[in-house]
Amino acid sequence: MTFQVCLNLLGLCFLCVIVSMSSRISEEIQKGYLLTTTIRLVHLISFGTWFGMQFWVTFIAGYKMYFTLTRHTFGNLQSQLFPVYFTVGSCLSTVALVTYYLMHPVEVWTGDVKLQVSGLAVSMLATLINKFYLEPRTTAMMLKRYAYEKEHGYGDDIGPIKDEAFKMDETYLKMTHEFCMVHGFTSMANILAYTGSFLHVWLLAKSQVLLFVWHILENEERGGNLHGHIVGVNEAYDEISRRGGLGAIPIEEEIVTVNEDPYNRPGCGDPLFEGDLCLDPEDQAVVNHVVPETDLKRNIIRDGKKLWPGKTVYYFVDDNLKRLRPKINDALSKIRSKTCLKFKEVGSSYGGDYIKMHKGNGCWSKVGRVGGSQPLSLGSGCEYVGVVMHELMHSLGIWHEQSRTDRDKYVEVLWHNIKKGYETNFDKYDHGKLDSLNLPYDFDSVMHYDRYLFSVDGKKPTIIARRQIWRELGGQLRGTLTDNDIAEIRALYGC
């Protein structure tokens, strides 16, 4: 009866998991991610089953049976149940660890992922030790002890033996001492395995709570992925231009209100490259594959020509960005505090090289130092610290993360989901000096595309993480530099 209740509860747990995941899993299978989805589903089922078994056997079934069944009936049941429990547990914990590893390549392990791998490994190893070493010895000693009790007429009562004289029998006392010692180690290993599993559950729950809070904060800031927002604003301006003016299409006032001609991007080309890059002739030659691989393409950043000399960046903020100054100062401060770069504000008549921040048509920038007064546009819809930081990073010489030459190890571009004519926005380019330093790939970089950028219908993803296809990509509008974002700037400028 107890075993049947256990099965019913486990079945209910499976049903809850499957129902909660059915929408996402169905979507992923329809998009052709069958292998990755299968791995994920196997992990959920194997770990969920194992965790449920641990909780039931450790905290419920054992105590319930001990105070319900006669002493020897309870012992005989345990001698049959525990070998199966630890065998199944060894298999399930091993599958859970392997599938979790397949979902999280070592190259992208975070602190929490390392803890989760450790928890799963501890759960597996402790269970294997019980299976092959501790449990057989514990069961053998228990049955030997029960046989001695039966010879003396004990064991048909529920609970512990109450005859104190028999309990002090020298032979029985020795058996009890040996059994308790081995049983103690078995219990410790079982609790250790449960602790490892619980750590995995707790960190999973923690990540989901943080994700929920993150989405609330994103909604408060009219959130969304950073680069996706930038491209959305710029595409809105392009659509206005194609249709003949501000009144031609319905669009939010915050995106279309500008103080100057919103369709004038001198020397930038149409559309902007990768959604927000205004390329100079040298950069355009690189992305058009005009120059040899060993020539300009490999030295566009490494030769230092595009970097800001003396690690000092000069900038000017136009009067039409007065309301955006706090966000600009915040972005500059975040970069300055984590790197060796210095930012110095200059006037509009400055004769050297400097970044001219102005309220133009959308959010876009040049790549690196191009000489003289170089534009950085922060038009309506660009009023976020993350957007300012993203465009500043371009001005410092940082390209988009997913255009790295090694990106195919970490992400997959779904070419069939990309709008026709926008495929070149997903080409790979040598980032020069940065590529040579083997910096980790950064899924959360403020310089990374989001999953749906340039999508044919806005619903089908265009770029996904290879082993975590459901995870979000790219930074958020509030603008937080990742450790790798900081490392890129430091590497580029020799901090």
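Cβ atoms here come from the backbone N, Cα and C positions, even for glycine.
For Cys495, the cysteine that TrEMBL lists as its disulphide partner among Cys340, Cys363, Cys382 is Cys340. Taking the Cα atom of each, Glu391 (active site) and Cys495 (disulfide bond) are about 21 angstrom apart. Nonlocal intrachain contacts for the transmembrane segment (115-134), taken as residues 6+ away from its ends with a CB within less than 8 angstroms of a stretch CB, comprise 47, 50, 83, 86-87, 89-90, 93-94, 96-97, 100-101, 104, 109, 182, 185-186, 189-190, 192-200, 203-204. According to DSSP, Cys340 (disulfide bond) sits in a coil region rather than a helix or strand. In the structure as shown, the Cβ atom of Cys340 (disulfide bond) sits within 10 Å of 11 other Cβ atoms. Ranking the recorded positions Glu391, Cys495 by the number of CB atoms within 10 A of their own CB puts Glu391 at the top. Cys495 (disulfide bond) carries neither a helix nor a strand DSSP state and counts as coil.
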